[in-house]
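Structure first, then comments.
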Amino acid sequence: MEAALAACALPSLRILNTKPRFRCSFSNPSLPISPNSLITRKSSRFTTAVSSPPSSSAATSTNSPPEPEALFEPGSDKFDWYANWYPVMPICDLDKKVPHGKKVMGIDLVVWWDRNEKQWKVMDDTCPHRLAPLSDGRIDQWGRLQCVYHGWCFNGSGDCKLIPQAPPDGPPVHTFKQACVAVYPSTVQHEIIWFWPNSDPKYKNIIETNKPPYIPELEDPSFTKLMGNRDIPYGYDVLVENLMDPAHVPYAHYGLMRFPKPKGKYIICISNSCFNPFTNLQILLAEKIDREGGKPLEINVKKLDNKGFFSKQEWGYSNFIAPCVYRSSTDPLPEQEHEYPAPAASDKAALSKRRLSLIFICIPVSPGRSRLIWTFPRNFGVFIDKIVPRWVFHIGQNTILDSDLHLLHVEERKILERGPENWQKACFIPTKSDANVVTFRRWFNKYSEARVDWRGKFDPFLLPPTPPREQLFDRYWSHVENCSSCKKAHKYLNALEVILQIASVAMIGVMAVLKQTTMSNVARIAVLVAAVLSFAASKWLSHFIYKTFHYHDYNHAVV
């Protein structure tokens, strides 16, 4: 999925056939190949590789799938889900004038801007009075968070500052501990709000000793980094493994990137035009075996521990920083550079000029629910993001998410039927293209017993019922309402639709009111044509709004 999502944010490439020579460019900016097109390095102190399919002789002797090989770091310990920072939302999609309700790790949160302290606050989304959600409240004229059920007001420290029903000459009940709201440690890093899921006062200054994952390119001013977010109707583990899987891209997302259809053997060659960052990669020779163009992929995974793992691929490097961050980049993280041989001088020069990363932040919400924040920072073609509004990129990126959404929603239920801890036994994994996915599942099984620790809030073996397809693929409540750019575009385009409808009716009305002697035949025809065009434009715009911001199905059988 990562290659496909990035396709809507990256410039074009060219794919050349050996016989005959031809060129073909994509209609949408796209990656040349999946960012996880991988190569295997032989020397490694830690390796995870999925074994190749058995030979014919071996296949006749056994029907069991080959077991992946792995070497694990000694002294591993269990992953503590409540001793880590979790992202909540990009600040570009939060309105400072209103409180926002979000759920992370099964915890109901209210996120709001405290203008008195000039910072974002993350608090328990529960009023201590009658347990009403504070996210349905407002920020009053004094900058306090007000519960609109009975008017109780709270400051950024969670202290109750006003109980309107308490007599002024009575005891100061608003100062009682029971009147306070739990406040979670929070910080803004990489223009994203993060919170620590423990409101115990001893964690108040946890940021001094434990910080959220640091991603260098998100702090580099030479990189562009437009963000997007969407609520996903399947769970955290399925979301993460899908983003790590390069082999599904040409199939599950077929038709979203228009690849050429060469016959026989062809060369995938990376052009240095159109701001392409991959000029240092070798030319690949592959044989086309089907319409979609799938091919063998390899990967080399290093250092699996409870903090995650990292890997080397053909186009660059990948990191899973547990529990939320998956990063693919042309460069390794600084602390991992010693794990790989230094690139050649020419390669290093190319990388220093054009650098690209794909950042996916996967947030556990509740069983069967997750949230994805994505950004594709790059230091080339920066002007494109300054010209094109963010919502335009989100059109294609949401279509990518929709195209395999139903597959993953159903897959999650089948995994649960067989038991998440039995994933490797239930799935037949004979090729190396699944190495990243296998490694993530091993991390999930080994360090977390194949489940998110919900601390008893949910039954981990129960998932929400599958809704009707139009509700499952809903874009408005899962994305538009949570994206400031798409929400604004939706509002303005709806207004434009109404204007076009009014204009078409008004022009017909003008023709009816004015006498024939007042308006020439040419003018009458012109007004009539304008009215028809205006009405047609309003109907087209209505369809565009619905398909872009509400519901866009994806039928693989007819693509």
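Each Cβ is built from the backbone N, Cα and C atoms, and glycine gets one as well.
According to Swiss-Prot, the transit peptide annotation covers 1-55.
Sequence annotations record features per position, and here Swiss-Prot assigns region 'Disordered' to 44-70.
Per Swiss-Prot, compositional bias 'Low complexity' is recorded for 47-64.
Annotated domain 'Rieske' per Swiss-Prot: 85-195, in sequence order.
Neighbour list (H150 ([2Fe-2S] cluster binding site), Cβ cut-off 8 Å, at least 6 residues apart, same chain): C127, H129, R130, A132, P164, Q165. Classification of H150 ([2Fe-2S] cluster binding site) by DSSP places it in coil, neither helical nor stranded. If you look up Swiss-Prot, you'll see C127, H129, C147, H150 marked as [2Fe-2S] cluster binding site.
The annotation Fe cation binding site is assigned in Swiss-Prot to H248, H253. When Cβ atoms from all protein chains are considered, those within 10 Å of H248 (Fe cation binding site) total 20, not counting its own. Secondary structure at H248 (Fe cation binding site), as computed by DSSP, is coil.
Below 8 angstroms of C-beta separation, residues 92-95, 228-229, 389-391, 394, 549 of the same chain, each at least six residues beyond the ends of the motif 'Redox-active motif' (483-486), sit close to that stretch. Look at Swiss-Prot and you will find 483-486 tagged as motif 'Redox-active motif'.
As annotated by Swiss-Prot, transmembrane segment applies to 493-513 (among others). Remote same-chain residues near the transmembrane segment (493-513) are listed as 519, 524, 527-528, 530-532, 534-535, 537-538, 541-542, 544-545 (criterion: CB distance under 8 Å, separation of at least six residues from the stretch ends).
According to Swiss-Prot, the transmembrane segment annotation covers 525-545 (among others), on the basis of sequence analysis. Here the transmembrane segment (525-545) has long-range neighbours at 490, 493-494, 496-497, 500-501, 503-505, 507-508, 510-511, 519, meaning same-chain residues at least 6 beyond its ends whose C-beta is under 8 angstroms from one of its own.
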CB-centroid shell, 8 A cutoff, [2Fe-2S] cluster site C127, H129, C147, H150, site residues removed: P128, R130, A132, L134, Y149, G151, W152
Rounded Cα-Cα span from C147 ([2Fe-2S] cluster binding site) to H248 (Fe cation binding site), Å: 47
Secondary structure tally of the motif 'Redox-active motif' (483-486) (DSSP, helix then strand then coil): 3 helix, 0 strand, 1 coil
Fewest other Cβ within 10 angstroms of its own Cβ, chosen from the binding-site residues H129, H253: H129
